[in-house]
Amino acid sequence: MIQPDPTVLALALLLDLCLGDPRWLPHPVVMIGRLITFLETLLRRCMANERIAGVLLLALTVTSAASVTWLMVWGSARLHALAGLMVAALLSSTCLAARSLQRESCLVADALDAGDIASARVKLSYIVGRDTVDLDEEEIWRALIETVAENTTDGIIAPLFWLALGGPVAGMAFKAVSTLDSMVGYKNERYLRLGWASARMDDLVNYIPARLTALLMVMVAPLIGLSQANAASIALRDRLNHPSPNSAHPESAAAGALGIRLGGPSTYGGLLSVKQFIGDPLRSIDGQAYRGMIRLMYATTLAMAVISLATAALLRGIHVTQL
């Protein structure tokens, strides 16, 4: 169960797509977040060099998450093979966020459809890092589509990639890196030095998945009534139009497929950040564009599921042959 296993991966996908992250079930990311907070406080007290402290924070968090996952899967499998299978599948499913991404983004979309911009701003603030208090309706739709596009990589394709290659241990290690980046990977006075290692590692572990996401979006676009030609054209043209080395890849493919323009100026913590535009404004950014983005997210997920299951089956076969 610790090795890549297509059965575990298939069950994890079904659990995520059907249930998402039930609010009553303790989530590993919450526990990882608490560990990060504890380690950050400890390292700041014990170490003067924040860059070295940042490396230790990364190493300790990822090692802890991977080790606990390994022990849980190994221990449950020792009790019974079925228990090992279910624990591995459950832990793997917590690395995926397709259903949660749709659910949380849909709350914003529903508020906008109801004409409640104030509520939409508040709900959007829960899932994006930018300031939302002064956003107008189109800016809210833009931010919403951008976060769904970017999180298609972070929350779905990248976890599937690592689960297929390394099973639940690799999947949880990736989740630890992603959580670190979301908590300490900021270029501000507090985290510029402490968070640099986590931010760079997040760039690294998402490097291939981000480009794979863009490729899959281009491939599946015509299957759901979107433009493949424009998706490919904009992805090639605008894939580097972002401070992050990865974010613009899925955003550019999505913008091209939908025929919309993303990017541009945004405010973070009261500071204006002027980003390059991604895509061309061939159509308005509205609820229809958002729903197209959700279709694109799910189509991309299904395409990656096929690739991941095939990869896990191949690696499983190689492992069994070597025994």
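Cβ coordinates come from backbone N, Cα and C, glycine included.
Sequence annotations record features per position, and here Swiss-Prot assigns transmembrane segment to 52-72, 73-93, 154-174, 214-234, 294-314 based on sequence analysis.
Residues of the same chain lying 6 or more positions beyond the ends of the transmembrane segment (154-174) and with a Cβ under 8 Å from any Cβ of it are 1-5, 8-9, 12-13, 28, 62, 65-66, 68-70, 73, 88, 91-92, 95-98, 100-101, 205-206, 208-210, 212-213, 216, 297, 300-301, 304-305, 307-309, 311-312, 315. Nonlocal intrachain contacts for the transmembrane segment (73-93), taken as residues 6+ away from its ends with a CB within less than 8 angstroms of a stretch CB, comprise 1-2, 5, 7-9, 11-13, 15-16, 19, 28, 163, 167-169, 171-172. Nonlocal intrachain contacts for the transmembrane segment (214-234), taken as residues 6+ away from its ends with a CB within less than 8 angstroms of a stretch CB, comprise 152, 157, 249-250, 252-259, 278-280, 282, 292, 295-296, 299-300, 302-304.
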